[in-house]
Amino acid sequence: MEISLMKFLFLGIWVYYYSVLDSVSAMDSLLSPKGVNYEVAALMSVKNKMKDEKEVLSGWDINSVDPCTWNMVGCSSEGFVVSLEMASKGLSGILSTSIGELTHLHTLLLQNNQLTGPIPSELGQLSELETLDLSGNRFSGEIPASLGFLTHLNYLRLSRNLLSGQVPHLVAGLSGLSFLDLSFNNLSGPTPNISAKDYRIVGNAFLCGPASQELCSDATPVRNATGLSEKDNSKHHSLVLSFAFGIVVAFIISLMFLFFWVLWHRSRLSRSHVQQDYEFEIGHLKRFSFREIQTATSNFSPKNILGQGGFGMVYKGYLPNGTVVAVKRLKDPIYTGEVQFQTEVEMIGLAVHRNLLRLFGFCMTPEERMLVYPYMPNGSVADRLRDNYGEKPSLDWNRRISIALGAARGLVYLHEQCNPKIIHRDVKAANILLDESFEAIVGDFGLAKLLDQRDSHVTTAVRGTIGHIAPEYLSTGQSSEKTDVFGFGVLILELITGHKMIDQGNGQVRKGMILSWVRTLKAEKRFAEMVDRDLKGEFDDLVLEEVVELALLCTQPHPNLRPRMSQVLKVLEGLVEQCEGGYEARAPSVSRNYSNGHEEQSFIIEAIELSGPR
């Protein structure tokens, strides 16, 4: 009996030991043989190779097991390092080859520092890299051909360095590149065919070929081997002097011609009253002068204000060609450097989808940062749900489901199809606009990150509206695609109830957080009571239950329990098919309408609630 008991105890200890060992092995998947997180070791090597006079890397500690809390380091929900945003930090030294060990990296921004030495070829090991910006440094040597192995690379900027040699064919031929900037280096040789949709190679005097507009020549310089006699040499000198004199005369005549042409051109400009600031275009984006924006908005007249929120004031504007636009005048422009602002604007401009608000252009001065969008005549979903639009059509049940579908399509594009991927971080009814056909247009994407440049860490500033912010984002500052899924679930509830996420009323149910109120009604099978009274009972009971179930699934407290937006989209597409199949008008269901007595509060920024379209 004692022997059997001893065997049983030994077997239990053995099972416990190996279960603990398995757990430790799982935890050690990120550890090196010395017990140090390999990403920590790689980041420390990057730090040690750099000179950090501003001590922005002082928080990077070799004894730390989690680099996700470090400045300028962004991580995925699984804990892998996916972004290093170290632009304009006064860093010098070299870029360590250990950068190639951060194999989950999606974004690497090191522009506007003073880094020297070659660009590490180990960057070619970052198979998931989508955005690489090393511009405005002093990198020398050749462009590593290994960058051509980065098949996910969408944005590559190496401008304003000291790079030499030829442009690698592998890099030029990257089919996924949307933007390539190699301007203002010392590159030479023939320029290969460049696959990027938008590229720049100006400022490389020794580049030749069609892309550089300089012809390549295979001719070699002819050496001087004339062997002339002194008499012939004298005649030769006379010819040279005559030729030089002719060149000088021609040069003087050319200067006189140029002088008179400038006078004529200036008078022509004066007569046509063309007085515009310097402007240029970035791809399809137009850069407006400040004077143009002033004129379009009647000098930022209060009569043209469409709304005000955490990102700044929004004005209605009229361009000379009759186009109506919405101008977003960003707050605190001094915190975003011109190059950084231009980089972020280019990334936002690359996101083009029928359910996304297209960026039309921008304005950038030392004191101002403004974004120009098409004007949405039907305002936002929040406007339609809560404001009186007179005789304009209201949002019926089918239209609300269709709006949810359109918004989902826009978010799926941002999360899974846009390159680089974009997390919205403030999905709500006020940021879903309606075009002429009442199709949902997702607005304000990319702006939270654009204004986070003042922060040293990619996610230190929590941006969003109380009630719409996912719990993990609010508590840790770490955002992911699941953060937007939470906000989308809240949007569905806003469409169903017609109320803000944080609302108070005087009915039998006094609502604070709409989410908890809906959960209570759902548990009690009282679905009809949560429906907006403006629908007058005309809604589909079965679709309502499924939509509520979907919204509550999207707003699960833990991000891993929430579906991906692509999964949400599939469910909504099925529900839209049911709605399009039609439904008979039902007797008005019991619904309670509560007054919007309190405005939404905001965390760090105010809620962007616009009284008119943006």
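Yeah, the Cβs are placed from backbone N, Cα and C, and that goes for glycine too.
Looking up N186, N321, N378 in Swiss-Prot for N-linked glycosylation site, the annotated residue turns out to be N186. Checking the candidates N193, N299 against Swiss-Prot, the annotation N-linked glycosylation site falls on N193. Here the repeat 'LRR 2' (128-151) has Cβ contacts under 8 Å with residues 82, 87, 95, 103-122, 157-171, 173-174, 176, 181-182, 187, 339, 343, 347, 419-421 of the same chain, all six or more residues outside its ends.
Taking the recorded positions N186, N193, T297, T555 in turn and counting surrounding C-beta atoms within 10 angstroms, the largest count is reached at T555. Among the modified residues listed here, namely T297, T323, T476, T555, T323 has its C-alpha nearest to that of N193 (N-linked glycosylation site).
Taken residue by residue, the repeat 'LRR 2' (128-151) breaks down under DSSP into 5 helix, 8 strand, 11 coil. Among the recorded positions N186, T297, T555, not one has its Cα within 10 Å of the Cα of T476 (phosphothreonine).
The separation of D426 (active site, proton acceptor) from T297 (phosphothreonine), Cα to Cα, is 27 Å. If you draw a 10 Å sphere around the CB of D426 (active site, proton acceptor), it holds 27 other CB atoms from the protein chains shown.
The DSSP secondary structure for N186 (N-linked glycosylation site) is strand. In the three-state DSSP assignment, the secondary structure recorded for T476 (phosphothreonine) is helix.
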